[in-house]
Amino acid sequence: MILFKQVGYFVSLFATVSCGCLSQLYANTFFRGGDLAAIYTPDAQHCQKMCTFHPRCLLFSFLAVSPTKETDKRFGCFMKESITGTLPRIHRTGAISGHSLKQCGHQLSACHQDIYEGLDMRGSNFNISKTDSIEECQKLCTNNIHCQFFTYATKAFHRPEYRKSCLLKRSSSGTPTSIKPVDNLVSGFSLKSCALSEIGCPMDIFQHFAFADLNVSQVVTPDAFVCRTVCTFHPNCLFFTFYTNEWETESQRNVCFLKTSKSGRPSPPIIQENAVSGYSLFTCRKARPEPCHFKIYSGVAFEGEELNATFVQGADACQETCTKTIRCQFFTYSLLPQDCKAEGCKCSLRLSTDGSPTRITYEAQGSSGYSLRLCKVVESSDCTTKINARIVGGTNSSLGEWPWQVSLQVKLVSQNHMCGGSIIGRQWILTAAHCFDGIPYPDVWRIYGGILNLSEITNKTPFSSIKELIIHQKYKMSEGSYDIALIKLQTPLNYTEFQKPICLPSKADTNTIYTNCWVTGWGYTKERGETQNILQKATIPLVPNEECQKKYRDYVITKQMICAGYKEGGIDACKGDSGGPLVCKHSGRWQLVGITSWGEGCARKEQPGVYTKVAEYIDWILEKIQSSKERALETSPA
């Protein structure tokens, strides 16, 4: 019998690997060795998700079936680590193995919406209610502060007294304590991690107050904000108290106490100097933090197990080295004279059991911070995080200001700008499907990047050709969703100061509130205008879909769409901007939030523009890119 350890898998989200994004699963394969912990999960995808958010897990093996003498191992999720990023593989029927998605920022999401028919996910049953449907049961779980997963007995369940019963459950790990096949039972998880809870979102931070409730765990953090992020992703933390470096008890300095209570609310706070308290944000619909921390702390040293030390120029370079180094969770960059050479100063790469520093010291000559691996949102680490800062009511852009913008042009008798697009990888452009209505022929298209003025394009101007045009299989018209297309280029782009990719959002960003958004393009600057020579830009506010729907009563504004525009009109995307980017700056990064799709006229009052919501299509984008790579490998010479 195996020992299933009850571990706080979300204590830290700062573990890293450096072998690139490996999302494929290996059937009938089991990784040997490297054991970290074992839990129960209903399928391999959920096992992979748990591995991703475990501080040290790099690989996993899941047993979909088990030998008759080891039935307790069925649904076992075995989390593993490896210094090299790989482990020996053995054949085992029914086993499914794979990699953590820590290095796949675009796929990072704690949300798990799948429903499992015929399974009883067991745990501590703390509430039982009668409901009419599985959906209602899942909603009850999502809106109960303690519920982590649930089981619903259908009307065909063999015991009449339990039919249509909804059992709300929890465990110390946030995962089932066992899973058993049972007919007419259906199980699933709370959707709090999908930002669908209606509980509310207390964001208060209480300076000089402490909560005296039950501690579920503790970690070392540099400030209360990292403490809050750790609490948010811990399965049982509801609120926290953090003691600063000035706290009187030395052993508790920089300690983040993760707390809970039976009622789900903290007891009245106690006045304590140098204590900071607050709430988990896991019930928030709009303000969930990212599972990473960008800040570099000057004059601070993070202690932990040392992986490696190298010499680099500056703390930013040290953070980048940590991000790219296998297993590095945090780092310290030393400026001590004995730690500096001609090529740079010492960068110590470190890790710990829970992914947080084991100790933090101050007045150090240097600085410290965390790996940014889980902050990455695109396949390429080259996506643009910093820039120098159809558009009706817009202004001229400057060269290199929007380096992901491309012009899609058609060469027939003459050559004309038709649509915009966005660079998302060295060989990939994202644009709108409707750009190819009537012109679905790759050979007639030319793609220009790194340009500002269309008039600068001559016969000698380099351009990219289309190798593969991938229009969403469900696309019919722009007003009906799925207005998205991928272009694979014949040859990879060279990234320059003026030609770089934009970061893609993650699936978890579907409910993010963006406040700094821009549209760009060479399209008309008025409804009956003409294509502009200079790339135009305009800042534009997002409009809630509910409000947008009221403006377009003859259309359906779906969750795959996002609206933007001013109530009074005057600024909008227009003809020629189609397929171009709606970008927003969030947490220090520019993200491709929307693709210019359709609207009623241009910049009309009470008529916002409608954009394809990129976060809703991340899986589709990644699937098509991966499929293209696999086809290329199959056709390449041996």
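Cβ atoms here come from the backbone N, Cα and C positions, even for glycine.
The annotation active site, charge relay system is assigned in Swiss-Prot to His434 (among others). A simple way to gauge crowding: the CB of His434 (active site, charge relay system) has 23 other CB atoms within 10 angstroms, across all the protein chains here.
As annotated by Swiss-Prot, active site, charge relay system applies to Asp483 (among others). Taken residue by residue with DSSP, Asp483 (active site, charge relay system) is part of neither helix nor strand, so it is coil. Packing around Asp483 (active site, charge relay system) is summarised by its Cβ count: 28 other Cβ atoms lie within 10 angstroms of its Cβ, all protein chains included.
Neighbour density for Ser578 (active site, charge relay system): within 10 A of its CB lie 26 other CB atoms from the protein chains shown. Positions annotated as active site, charge relay system by Swiss-Prot: Ser578 (among others).
The domain 'Apple 1' feature in Swiss-Prot is assigned to 21-104.
According to Swiss-Prot, the feature domain 'Apple 3' maps to 201-284, an assignment based on sequence analysis.
Per Swiss-Prot, domain 'Peptidase S1' is recorded for 391-626, and the stated evidence type is sequence analysis.
Summarising the annotation, Swiss-Prot assigns signal peptide to 1-19.
Classification of Ser578 (active site, charge relay system) by DSSP places it in coil, neither helical nor stranded.
Counting in whole angstrom, His434 (active site, charge relay system) lies 8 from Ser578 (active site, charge relay system) by their C-alpha atoms.
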